[in-house]
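Below: one structure, written as structure tokens.
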Amino acid sequence: MPGIVELPSLEDLKVQEVKVSSSVLKAAAHHYGAQCDKPNKEFMLCRWEEKDPRRCLEEGKLVNQCALEFFRQIKRHCAEPFTEYWTCIDYSGLQLFRRCRKQQAQFDECVLDKLGWVRPDLGDLSKVTKVKTDRPLPENPYHSRARPEPNPEVEGDLKPARHGSRLFFWTM
């Protein structure tokens with residue numbers, strides 16, 4: 001029925017949350033974007049194609065899982081330089097990167113040495129890319145409505161209007 005909305009169960013929605021502050025997210029954003037690029041783009045493609053977040057729960061869980069694993073690796077290998085970096089960002093008035101370049105360099109060096117991750121260049125993560133996915137195409141990717149039936153043929157002779165055109169300013 002079109003009026004009934006099926007909601008996912010609480011078990012479908014249950015995932016471990018990424019409990020970090022905005023400063024931590026901002027400090028980790030460049031490396032997170034590079035490491036979790038594929039699950040994030042798969043999720044955004046699903047959201048764009050399906051136009052219904054309920055159909056993208058599995059992709060959302062993969063994004064969450066990738067973020068959790070990313071922060072676990074940072075905590076395991078580079079906790080101290082990362083803490084210094086995000087604390088500096090947190091205490092700089094507007095969460096600006098430019099005031100924390102020294103801590104950023106230490107964090108980037110640690111991540112490169114211990115995890116082999118290179119900080120992406122400016123603009124690398126915002127480039128338009130094609131996403132290869134295993135998901136099937138949605139049935140109606142453009143969410144277009146069914147075409148209406150064409151107008152029926154007019155039967156009989158059509159006579160011109162008795163008083164001319166209805167557009168009075170053309171008939172003056």
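Cβ atoms here come from the backbone N, Cα and C positions, even for glycine.
Quick look at what Swiss-Prot lists:
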COMPBIAS  146-159  compositional bias 'Basic and acidic residues'
DISULFID  Cys36-Cys66  disulfide bond
DISULFID  Cys46-Cys56  disulfide bond
DISULFID  Cys78-Cys110  disulfide bond
DISULFID  Cys88-Cys100  disulfide bond
DOMAIN    33-74  domain 'CHCH 1'
REGION    133-159  region 'Disordered'
MOTIF     36-46  motif 'Cx9C motif 1'
MOTIF     56-66  motif 'Cx9C motif 2'
MOTIF     78-88  motif 'Cx9C motif 3'
MOTIF     100-110  motif 'Cx9C motif 4'
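Sequence features, as recorded in Swiss-Prot, placed on the structure.
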residue : record         : Cβ contacts under 8 Å, 6 or more apart
Cys36   : disulfide bond : Val63, Cys66, Ala67, Phe70
Cys46   : disulfide bond : Arg55, Cys56, Glu59, Arg135
Cys78   : disulfide bond : Phe107, Cys110, Val111, Lys114, Leu115
Cys88   : disulfide bond : Arg99, Cys100, Gln103
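Looking at 36-46, 56-66, 100-110, the range that has the most CB pairs within less than 8 A of the motif 'Cx9C motif 3' (78-88) turns out to be 100-110. Counting residues 6+ beyond its ends, the domain 'CHCH 1' (33-74) has Cβ neighbours under 8 Å at 6-8, 12-13, 15-18, 20, 24, 82, 111, 115, 117-120, 124-125, 129, 131, 133, 135, 137-138, 141, 143 in the same chain. When pLDDT values are averaged over the motif 'Cx9C motif 4' (100-110), the model yields 97. Long-range contacts of the motif 'Cx9C motif 4' (100-110) within its own chain (CB-CB distance under 8 A, at least 6 residues past either end) are made by residues 27, 77-78, 81-82, 84-85, 88-89, 92, 119.
Under the DSSP three-state reduction, Cys46 (disulfide bond) is assigned to helix. Neighbour count (other Cβ atoms within 10 Å of the Cβ, all protein chains): 22 for Cys100 (disulfide bond). Around the Cβ of Cys110 (disulfide bond), 19 further Cβ atoms fall within 10 Å across all displayed protein chains. Annotation for the disulfide-bonded residues Cys56, Cys66: lowest Cβ count within 10 Å of the residue's own Cβ, Cys66. Under the three-state DSSP scheme, Cys36 (disulfide bond) falls in the coil class. Each residue in the region 'Disordered' (133-159) gets a DSSP state, and the totals come to 0 helix, 0 strand, 27 coil.
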